[in-house]
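J.: The structure is given below, and queries will be raised subsequently.
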Amino acid sequence: MGDHIIRSLSVSGGIRILVCDVALLTREICRLHGASPTVSIALGRGLAGGALMGALLKPGQRLALKFEANGPLRKMIVEADSDGAVRASVANPTAEAEPLEGRWNVAGVLGRAGFLTVSKDLGLGGQPYQGTVQLCSSEIGDDLAYYLADSEQTPSAVGLGAALDEDGLISVCGGFLVQALPGVDEAERDRVTDNIASLPPLSSLLREGGTQKLLELLFDSVAYTRLETRELFFRCGCGREKVERALLSLGGAELWDMGTREGEARVTCEFCRQSYQFDADELKALAETATLTRIHEEHEHLQQ
């Protein structure tokens with residue numbers, strides 16, 4: 001089975017558990033960014049976390065996770081939507097941090113002082129909902145759990161794991177999201193809490209047993225129902241038209257100056273690294289469009 005997510009619910013309706021495998025898409029995204037080993041692990045955790053939270057969205061909604069801190073990575077953005085599409089960008093893909101007690105030092109490469117901002121486009125045409133919390137550990141999973149408890153008042157446990165092969169490429173990547181829903185049976189909640197504490201290392205568990213084994217261990221003696229298994233995939237969504245709209249926002253004067261002085265412009269997507277080239281004639285045409293649009297908007301404003 002390729003990258004996927006499984007949504008499940010206890011028979012009592014009080015415990016929701018999601019598990020995911022994002023190894024393939026994480027490997028591709030790390031390749032596109034030329035990510036260092038430690039950044040690859042950070043990206044893997046971020047992508048797994050984004051996929052898990054994206055699975056909670058309603059149709060037509062999307063979210064963005066922005067981690068900003070004082071480490072050499074500086075910033076990581078993960079976006080996910082209700083269809084199962086995810087993408088990510090990092091400010092400094094080659095950043096590194098010395099291992100800490102034999103483990104990947106994700107907190108060291110991201111930075112221990114910083115913030116997590118979650119933006120949700122609810123598909124209603126208004127401003128996105130946004131919530132911000134301080135990073136509590138900079139290990140990604142704990143920070144997402146803290147956000148869910150603090151900003152969305154949903155007690156949650158998030159476990160994320162990733163591992164590299166001998167060539168330094170992602171070989172395993174995934175995780176789980178456990179949430180206690182209103183009216184949860186305390187005995188069931190305590191059993192699942194104990195199950196989480198008893199889990200073997202997550203990357204080893206995913207490698208040997210996959211998401212199904214992870215799900216079984218999380219519920220263990222708690223009866224549950226699998227609600228859905230959904231494909232996850234990397235999709236950027238950028239395109240030349242979107243880049244043109246971004247350039248138009250610069251205004252006619254700046255675009256004309258770029259066309260006459262620079263003679264060209266190259267715009268690279270921060271998520272998929274696709275480059276879009278614009279020559280002098282194309283920049284001048286965009287400048288004329290931007291100028292005409294501004295004149296039209298000013299005229300419309302005067303008519304009101």
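One is the number of the first residue shown, and numbering goes on along the chain from there.
Yeah, the Cβs are placed from backbone N, Cα and C, and that goes for glycine too.
Pulled the feature table from Swiss-Prot, pasting it below:
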type: DISULFID; residues: Cys236-Cys238; note: disulfide bond
type: DISULFID; residues: Cys269-Cys272; note: disulfide bond
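Buried or exposed, and what's around them? Tell me for each listed feature.
T.: In the three-state DSSP classification, Cys238 (disulfide bond) falls within coil.
Residue environment of Cys272 (disulfide bond) contains 19 other Cβ atoms, counted within 10 Å of its Cβ in all protein chains.
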J.: With an 8 Å cut-off on Cβ-Cβ distance and a minimum sequence separation of at least 6, pull the same-chain contacts of Cys269 (disulfide bond), or say none.
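T.: Same-chain residues close to Cys269 (disulfide bond) (Cβ under 8 Å, separated by 6 or more) are Cys236, Cys238, Val243, Ser275, Tyr276.
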J.: DSSP three-state call for Cys269 (disulfide bond): helix, strand or coil?
T.: coil
